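Some notes on the structure that comes next.
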Amino acid sequence: MTMDPTKFRPSSSHDTTVTTTNAGAPVWNDNEALTVGPRGPILLEDYHLIEKVAHFARERIPERVVHARGASAKGFFECTHDVTSLTCADFLRAPGVRTPVIVRFSTVIHERGSPETIRDPRGFAVKFYTREGNWDLLGNNFPVFFIRDGIKFPDVIHAFKPNPRSHVQEYWRVFDFLSHLPESLHTFFFLFDDVGVPSDYRHMEGFGVNTYTFVSAAGKAQYVKFHWKPTCGVRCILTDEEAALVGGRNHSHATQDLYDSIAAGSFPEWTLYVQVMDPDTEEQYDFDPLDDTKTWPEDLLPLRPVGRLVLDRNVDNFFNENEQLAFGPGLVVPGIYYSDDKMLQCRVFAYADTQRYRLGPNYLMLPVNAPRCAHHNNHYDGAMNFMHRDEEVDYYPSRHAPLRQAAPPTPLPPRPVAGRREKATIRKPNDFKQPGERYRSWDADRQDRFVRRFADSLGHPKVSQELRSIWIDLLAKCDASLGMKIATRLNMKANM
């Protein structure tokens with residue numbers, strides 16, 4: 001077998017016609033263990049047996065603490081509109097520029113192998129392999145999230161995860177925790193809405209959720225929100241009965257639909273839009289633009305088309321390109337930066353940290369995560385470091401090595417920051433207006449479906465009357481008629 005002497009990366013393209021050990025020695029019998037006589041005890045010297053069983057016992061890696069259930073596909077992103085006035089990002093430099101991507105869709109709460117018909121947010125993560133490094137855009141199929149401060153992220157996930165005693169998901173825990181956080185209301189108006197269970201991944205919207213920053217070549221910084229719209233339209237499963245039927249027939253229906261569609265040449269496609277806000281104008285709005293529980297009104301901040309995403313190739317190996325695929329919002333490129341969005345700031349650390357736990361400190365060396373452009377730093381050694389290096393200098397600065405600091409394509413605009421060190425909530429929480437507006441935008445049938453789903457969940461026998469009353473009051477603050485409808489369905493009285 002011919003091996004690459006510099007990269008040391010084994011590949012199935014180098015497969016031999018006979019079985020070997022991991023070290024390359026031929027295996028003459030892969031059917032029987034080495035024993036003393038045909039019935040005798042197994043000998044410890046059967047190295048191949050020990051290696052085979054030991055490797056099998058270690059095939060699984062820790063699953064993601066969230067978004068464990070998912071499916072990936074590969075393709076390209078093509079810039080279709082001139083956005084150079086907004087950002088100096090190289091892959092958006094001109095219409096027609098194509099960038100390779102890999103995309104992972106997922107559910108959030110439950111384990112690998114769980115049904116893909118659960119009422120649960122869906123992840124929509126895109127890795128762009130640009131000429132200036134990888135950019136990861138992580139989002140969901142809802143434009144908002146349950147909380148606005150990352151310090152509560154472990155708590156909200158614990159509340160949605162199965163009960164630690166029974167390992168059964170129970171919504172009384174969700175309602176108990178989030179009754180203390182009315183900011184969560186807006187996301188419930190998506191979760192219990194018709195979009196709560198997408199029919200599959202191809203007919204699903206995506207949203208960046210958090211607020212990012214575009215930086216232009218002139219040094220102008222503007223807030224930006226990202227939106228993915230499927231060109232084939234949005235489809236959802238409207239009833240829990242249909243979801244149970246689809247999920248009962250095939251727990252992997254969305255994964256199979258994605259794979260089969262691409263294999264048949266019916267390539268899923270999305271259009272990327274952005275909303276852009278000048279930070280100098282943020283005070284004119286009745287919400288905080290850095291609050292991820294809020295949407296930006298499209299009549300005031302219209303969607304602007306940027307490009308199209310096409311998935312035209314299935315993964316070659318599910319483990320290598322799905323389980324080992326690692327995303328993190330900390331991966332940005334020149335022209336795209338973070339904002340002071342509290343959830344985003346926390347995610348920048350948390351995602352990289354969870355990948356180091358799942359995959360090891362050198363997870364960005366894995367082929368699916370590695371950049372496609374030349375790169376160089378002094379991050380040496382560590383577990384499973386398989387990068388060939390022959391430099392003598394592993395520090396900076398040095399007169400004996402060519403490594404230099406990169407000159408920024410455009411400096412980040414200076415932004416004075418002043419204030420006291422404090423733990424505090426934002427000034428404009430405004431938690432009830434947008435949920436109420438969303439509810440009133442629906443037709444009567446859609447409102448009724450929302451009421452039924454929400455009330456049925458509140459009707460769980462372990463949800464106390466006190467807790468139901470709290471939620472009825474919260475919903476009534478969004479819309480008085482909604483509070484009345486929920487109360488009526490639960491045979492309770494709304495406190496208006």
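Just so it is clear, glycine is given a Cβ too, placed from its N, Cα and C backbone atoms.
Since the structure is predicted, the reported quantities are computational estimates derived from the model, not experimental observations.
For the ranges 1-25, 276-300, the feature annotated in Swiss-Prot as region 'Disordered' maps to 1-25. For the ranges 402-422, 423-443, the feature annotated in Swiss-Prot as region 'Disordered' maps to 402-422. Using a 10 Å Cβ-Cβ cutoff, HIS67 (active site) registers 20 neighbours. Listed by sequence, the residues of this chain that lie at least six past the ends of the region 'Disordered' (402-422) yet keep a Cβ under 8 A from its Cβ atoms are 88, 215-221, 334-335, 337, 376, 378, 393, 396. Each residue in the region 'Disordered' (402-422) gets a DSSP state, and the totals come to 0 helix, 0 strand, 21 coil.
Of all Cβ atoms in the shown protein chains, 23 besides its own fall within 10 Å of the Cβ of ASN140 (active site). As a summary of secondary structure, the compositional bias 'Polar residues' (9-23) carries 3 helix, 1 strand, 11 coil according to DSSP. The Cβ neighbour count for TYR351 (heme binding site), using a 10 Å radius over every protein chain in view, is 19.
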